Amino acid sequence: MLAFLIKRFANAAFVMLAVALLAFTIFRFFGDPVEMMVNEQATQEDRAELRERLGLNDGFVTQYTRFVTNAVQGDFGISYRNQQDVMVLIGERFPATFELVLVATILSLVIGIPLGVITAVHRESRMANALQLGSIVGVSLPSFVVGIMLILAFSVSLGWLPAFGRGETVDIGWWSTGLLTSSGRAALVLPALSLSTFQITLVMRLVRAEMLETLRTDYVKFARARGVPAGRVHWVHALRNCLMPVITLTGMQIGNLIAFALVTETVFQWPGMGLLFIQAVTFVDIPVMAAYLMLVSFIFVALNTIVDVTYAWVDPRLRDDTAKAGGANG
Amino acid sequence: MAEISHMTQETRPAKPTIRTRWQAMRESDLWYSFLSHPSAIFAACLLALVALSAILAPVISPQDPYDLAALELWNAEIPPIWKDGGQWPYLLGTDTQGRDILSAILYGSRISLIIGFASVLVALAVGLSLGLIAGYFGGWVDNVIMRLGDVLLSMPFILIAILISAMATAALPTGLKDVLAAPILIFAIAVPSWVQYARTVRASAMVERKKEYVQAARLIRVKPWRIMLHHILPNCMTPIMVAATLNFGLAILSEATLSFLGVGMPPDQPSLGTLIRIGNQYLFSGLWWIVVFPAVQLCLIVLSVNMIGDWLRDALNPKLR
């Protein structure tokens with residue numbers, strides 16, 4: 001197990017170093033950092049002095065090492081566009097994205113799981129077929145199109161829900177939350193729904209596939225034979241055994257949701273990290289782009305590593321080295 | 001089709017009962033499965049219709065949306081023809097510059113389909129060759145290629161595509177940006193998607209290279225590339241075809257998303273995503289048709305591709321037969 005852990009963490013660290021190399025290359029070689037930071041009146045000496053102070057005259061390896069050391073400490077430099085510390089900027093925007101992703105994840109489970117159970121249990125019924133077709137449609141709808149259609153329906157035509165912004169927020173320490181005010185909650189509905197559409201269909205399809213297998217097992221047949229009510233068999237006995245893959249999928253998809261939130265945030269002008277990133281892309285604000293890339297990749301890699309390690313912990317067969325070498329003693 | 005049957009007859013002459021490819025296809029399990037799946041037929045017809053109308057766009061569209069001289073401002077903001085104030089020939093209405101929406105959609109679908117198709121081809125070419133090389137030779141070559149793949153898979157797909165597209169555009173001089181917009185997008189979408197093909201082919205190549213027929217081929221000094229292309233590659237075409245079909249849908253989606261975010265096709269050669277981006281600005285001014293119709297077309301394309309992909313996956317899955 002220890003060997004597996006070391007190997008898995010070394011792998012994650014390698015991937016993060018590679019991502020850092022990419023971020024550093026973008027930072028260093030697209031546009032001149034000095035030109036981006038000085039004002040128009042700066043003299044040649046000022047520029048040379050700044051260049052020396054930023055360490056841009058050092059060798060590639062030295063600079064890369066410094067970039068990684070700073071990144072580990074959360075220091076990504078100063079934004080070119082509004083001259084603020086990048087980590088402060090991202091920290092301000094993080095709660096908005098986190099709440100959006102959290103609510104979207106909850107929605108996907110609350111809606112996706114029951115739909116999956118229903119389509120599996122009433123397999124040949126018309127409703128199940130319609131839901132199954134609906135799930136293909138759900139996978140095919142681009143998330144920004146879902147967002148735009150939701151705005152057209154619920155904001156423009158019906159006027160029920162706000163189409164942009166976050167509503168009123170309340171500060172708890174450094175965390176600003178929109179969940180505690182009614183306008184904040186109303187503003188969250190449409191973005192969360194549009195972000196979760198894809199995820200709902202994913203959960204639904206997974207639960208359906210798992211349920212179809214579970215319903216064939218002996219213990220379900222036995223429970224039926226014993227006279228347990230059908231509802232209890234389906235929703236308690238069978239469903240409980242389908243949840244493990246759903247939890248895995250949800251965990252691994254959070255990284256994707258954070259990345260895809262940037263599309264939703266653009267549609268709804270939601271003031272999160274993704275919108276910050278897209279604005280940074282438009283203005284070629286490279287420190288912000290590099291920091292966002294590193295942060296999202298880190299969350300992605302961390303979640304994958306946690307899932308892998310948990311699986312290896314639960315199921316010794318997956319610790320591949322021991323399985324190959326020693327067989328049963330792993 | 002004619003060329004292929006001609007070739008088979010040439011290589012194996014004097015066999016009157018030889019089946020042409022067309023006959024073989026009509027008698028295959030796949031064709032039978034296709035005919036018994038109404039959703040697959042529906043999707044294929046829809047996709048064929050969209051592709052045909054996109055190819056014929058210069059012939060059938062009422063207006064050339066690239067020709068700025070053809071745009072008349074007094075024809076701007078005309079609603080669809082079934083609404084009050086609708087005008088012939090603007091079936092789906094016009095935008096704020098007098099551009100016919102239907103023509104823009106036909107030309108836009110063209111760009112979306114070409115970019116989607118080309119990026120799948122590029123990803124296939126890169127993924128298959130790298131996967132074959134990695135699986136056949138093994139060793140450090142394998143290590144380098146697959147590590148690179150790991151790194152790419154450890155970042156979200158859409159993020160890599162946005163970064164490549166944004167960086168390439170930022171690095172280019174202004175004059176070249178618009179000319180190279182489509183190639184940049186194709187590249188940006190292909191880079192994160194080749195890994196899947198490479199992994200599939202590599203796994204299969206690692207198994208096949210140990211088999212006797214490959215050893216025998218090596219002994220009679222068949223060149224490595226010939227073994228890879230003629231002996232190993234055909235063994236893994238089934239999962240590759242399914243993945244390529246589903247990735248075609250994903251590529252069209254990604255292109256639309258990038259263009260919608262403003263890091264894709266420029267407004268003077270709009271893809272469906274760009275059209276939706278433009279229309280999105282008029283969401284609150286009642287001009288819903290500018291955004292809704294391109295969005296519907298995009299959804300129809302992706303939906304039909306995904307339905308075909310789903311059917312193909314089930315039809316080619318030996319477990320489900």
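Using the three backbone atoms N, Cα and C, a Cβ is placed for every residue, glycine included.
On a predicted model such as this, the values are computed, not experimentally measured, just so you know.
The feature transmembrane segment is assigned by TrEMBL to A:12-30 (among others).
What TrEMBL records for A:94-307 is domain 'ABC transmembrane type-1'.
If you look up TrEMBL, you'll see A:100-121 (among others) marked as transmembrane segment.
With a threshold of 8 Å between CB atoms, the same-chain residues lying at least 6 positions outside the transmembrane segment (A:133-161) that come near it are 186-187, 189-191, 193-195, 197-198, 200-202, 204-205, 260, 263-264, 266-268. The transmembrane segment annotation in TrEMBL covers A:133-161 (among others).
Among residues of the same chain six or more beyond the transmembrane segment (A:186-207), those with a C-beta under 8 A of the stretch's C-beta atoms are 99-101, 103-105, 107-109, 111-113, 115-117, 119-120, 131, 134-136, 138-139, 141, 143-144, 146-147, 150-151, 154-155, 161-163, 165-167, 178-179, 239, 242, 245-246, 249-250, 253, 257, 260-261, 264-265, 267-268, 270. Residues or ranges marked as transmembrane segment in TrEMBL: A:186-207 (among others).
Sequence-remote contacts of a segment are chain residues at least 6 beyond its ends whose Cβ falls under 8 Å from one of its Cβ atoms, and for the transmembrane segment (A:242-262) they are 97, 100-101, 104-105, 108-109, 113, 143, 195, 198-199, 202-203, 206-207, 210-211, 214, 270, 272-275, 277-278, 296, 299-300, 303-304, 306-307, 311. The transmembrane segment annotation in TrEMBL covers A:242-262 (among others).
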